[in-house]
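Working notes, beginning with the structure itself.
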């Protein structure tokens, strides 16, 4: 497996990437010398990979137990964390146990939060099985679950001891999840690494068919992008906030859909809304908005709020964005990450955020919703989150 050191201030861990490397994954886990291995997966991933991986860990590394949770964003909450923690303790978890998060971003966040709480923190290893997880969520120390009032509002910062990624897991992903992952890649290119835009534009496939070489390049570029902005900001409260590009409207769309809109697809649409906001504020021109829509469409996501999502609900969730409090924003404003051009982030003082009038943001959401009503449904965000073979 190719090893990339990940360093964020005083936090560091190895990211190991390969293809068809399950033996290497098990061998790396064995080196940790755990008293037990607690593999956490949703019910879908458990059927595809969880039982087999747990059996191999049990045979080659040490006692292993598979803990499962229901699939989907609607189950990413404290109740699920509590149930899994009780199951872990029932199976004899102790301070020398290792928790293995096997799955996508939902499982990674649930498991990461559980690992941070058990015995006030036991070792965590991510084994991501989705594009979003491989190139985005496992590279963050943020471990959070949803609350009634919005996404990712309850959580901690907690680092894994390793990330073990095998692109072979991606072969069973439905196109919806592949497209979702590419939404985050487009974000990285637009906000952090504009040098990758030309190659990415050529590589994007609306049918979501990518070979292993392209996927490894996409993941490697995303590792570099994230490292560029988190090296001196492990908690993503300063330069790392750039990673929130597209997330203000994106999270609102995702939450309003009750998980039917995949995370990366929500972020992709959220970026097109952010670009339109930037245009309306006079920071960017129409060509910049067009570039966003072209890239998002090339990734297979309709660049509009989907017709089945109520724009009134989207606008309601905007007020609960998790970036509130970073700026002393005037009443009726919310802080957003905005760009004036690819790689050109707007700042308020040292912070990569701009206070945006909620009324203006809501107008941009309404405009995107009108375009969505005129568009054909896009597979990237239509359908329940557990419709495909992976979450």
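Every residue, even glycine, has its Cβ placed from backbone N, Cα and C.
According to Swiss-Prot, the protein has these features:
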ACT_SITE  142  active site
ACT_SITE  244  active site
BINDING   42, 73-76, 105-109, 129-130, 140-142, 151-152  NAD(+) binding site
BINDING   184, 247, 263  Co(2+) binding site
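Shown on the structure are the features that Swiss-Prot records.
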residue : record              : Cβ neighbours (10 Å)
42      : NAD(+) binding site : 27
106     : NAD(+) binding site : 29
109     : NAD(+) binding site : 26
140     : NAD(+) binding site : 22
142     : active site         : 20
151     : NAD(+) binding site : 24
184     : Co(2+) binding site : 30
244     : active site         : 25
247     : Co(2+) binding site : 25
263     : Co(2+) binding site : 30
Residues with Cβ closer than 8 Å to the Cβ of residue 75 (NAD(+) binding site), same chain and 6+ apart in sequence?
-> 42, 69, 106, 110
Residues lining the Co(2+) site besides 184, 247, 263 (CB within 8 A of their CB center) are 132, 136, 183, 187, 246, 250, 251, 264, 266, 267, 270
Considering only the recorded positions 142, 244, 247, which fall within 10 Å of residue 109 (NAD(+) binding site) when distances are taken between Cα atoms?
-> 142
Whole-Å Cα distance, residue 263 (Co(2+) binding site) to residue 151 (NAD(+) binding site), is 11
Which state, by DSSP, holds residue 142 (active site): helix, strand or coil?
-> strand
